[in-house]
Amino acid sequence: MMVSSEAEPSPPQQPKRLYQAWKGNNVFLCGGRLILGPDAASLLLSSFLVAGPAIVFCYQMQSKFFRSNGQPHMHRAALLIVIITTLVDLFFLFMTSARDPGIVPRNTRAPPPEADERNLPATPSMEWSVGGTPRMRSRRTKDVNVNGFTVKLKFCETCLRYRPPRSSHCSICNNCVQKFDHHCPWVGQCIGLRNYRYFFLFIATSTFLCISVLIFSWLNVHCEMQDNGGSIWKALRKEIYSFVLIIYTSIVVWFVGGLTVLHLYLISTNQTTYENFRYNYDKKDNPYRKSITKNFAEVFFTKIPPPLNDFRSHVGEGALEAGFYTPYIGLDVASTREKIDTEMREKEVLVAGVQIPTVLQNIDYGSFEDGLYDKNRNNGNKTVAFAPAWSQKGSEDAGTSAAATTSCKEETSEDDAKEISNSNTSSARTSTEANTISEVEIVKDNAKESNTPDRSSARSLKGMS
């Protein structure tokens, strides 16, 4: 049986979709059609907190509907109101959590710097810090005109682009979001331009649901009080479910009700939660504020813009290799001058035949010189600090005392140069005297060692005689 040596060609790989290559922290379901946040499990908790009390209330009203003969219409109306409100509330919750909030597309390459950003620092230490650690760069901004106001756009180091007006980067989802309001942990999603309407309707419906259950539960207790002679304790003993629902809704309504009132105020002033806490537009002009009618119409009666990302679109291999990475990891964003400086830093530097470590090469000794010079000047001393030119000359000036003296004279005064020469002369004399003393001691030690065997041999001869 003949076996072919040629391997069977592997089937061509289908290109991945954008949601499969997306570097954000989102969770995609149904082939990228549903977009959830990283804390999507909180959606189940919120659904339980909404649906659980509603189910208990419906069970109680249904049992009362079959047992009581007095007011079946009220029980039926209460049952229908709570069921419809609960279903609408869950729908708004799902639309808020599983919808693209307005994610801004990412750039695969950093844009070219502006004109004022091309001026690199002059000192070698700053050139090293900028070229070696791009995160240490100053934050890039750009000014735009919005309704007659100057708005500063910040450059996102993760998405590698300038954020649109009213956008911000969510650290939890790792995305820039249009008209970013906040990241809600209860729905597990960012609240932005495309889901803010559903978020407000969700909290408003939740407030209405809590108030409805609270009112109908008190009506049940009131009806039970009439049947038991007006005693509230007897009524609460028989209406255990109503008593629990009263406590639960009384607590929850303060949270969702307060949140609804807050967002009513934010909508009327055309602010987001992020802008209200960050820029404090209550005390200064808001460039986005309109009349109250137009502000509400902008939220509820305008068409929601389409998403900026088509997460079901196919992306090529080049896009997968080049883009959608976290900042400066696998990206070549250094300029030509920074590349040259990086290559020069990687070369070996020898001083007196000894290789200097790279860490010591990159230290800026100018700061030590300035600090020591100021200190000595205040103390009245004239000690010259270590010259930074000696460490920057490298192997070309290594071991050459004349070149070191010349570079030192260029940076110091004549008096300092004299003191350096005097200190060098004194150090030379001291080293010469130390060497002479050490040589004399070595001679004495050798003489002692040479006399020791002679004495021992003489003693041995005397013993034999």
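Cβ from N, Cα, C; glycine included.
TrEMBL entries are annotated by machine, without manual review.
According to TrEMBL, the features are:
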type	residues	note
TRANSMEM	40-59	transmembrane segment
TRANSMEM	79-98	transmembrane segment
REGION	104-137	region 'Disordered'
DOMAIN	152-278	domain 'Palmitoyltransferase DHHC'
TRANSMEM	198-219	transmembrane segment
TRANSMEM	240-266	transmembrane segment
REGION	387-465	region 'Disordered'
COMPBIAS	441-452	compositional bias 'Basic and acidic residues'
- Would you confirm whether the transmembrane segment (240-266) and the transmembrane segment (79-98) meet the contact rule of 3 or more C-beta pairs below 8 angstroms, pairs 6 or more apart in sequence? no
- Query: Is the transmembrane segment (198-219) packed against any residues at least 6 beyond its ends, judged by a Cβ distance under 8 Å, and which are they?
  - Reply: 50, 53-54, 57, 61, 74, 78, 81-82, 85-86, 88-89, 92-93, 95-96, 99, 181, 184, 187, 191, 239, 242-243, 245-246, 249-250, 252-253, 256-257, 259-260, 263, 267, 299
- Query: Between 0 and 100, where does the mean pLDDT of the domain 'Palmitoyltransferase DHHC' (152-278) sit?
  - Reply: 92
- Query: When DSSP states are grouped into helix, strand and coil, how many residues of the domain 'Palmitoyltransferase DHHC' (152-278) land in each?
  - Reply: 74 helix, 19 strand, 34 coil
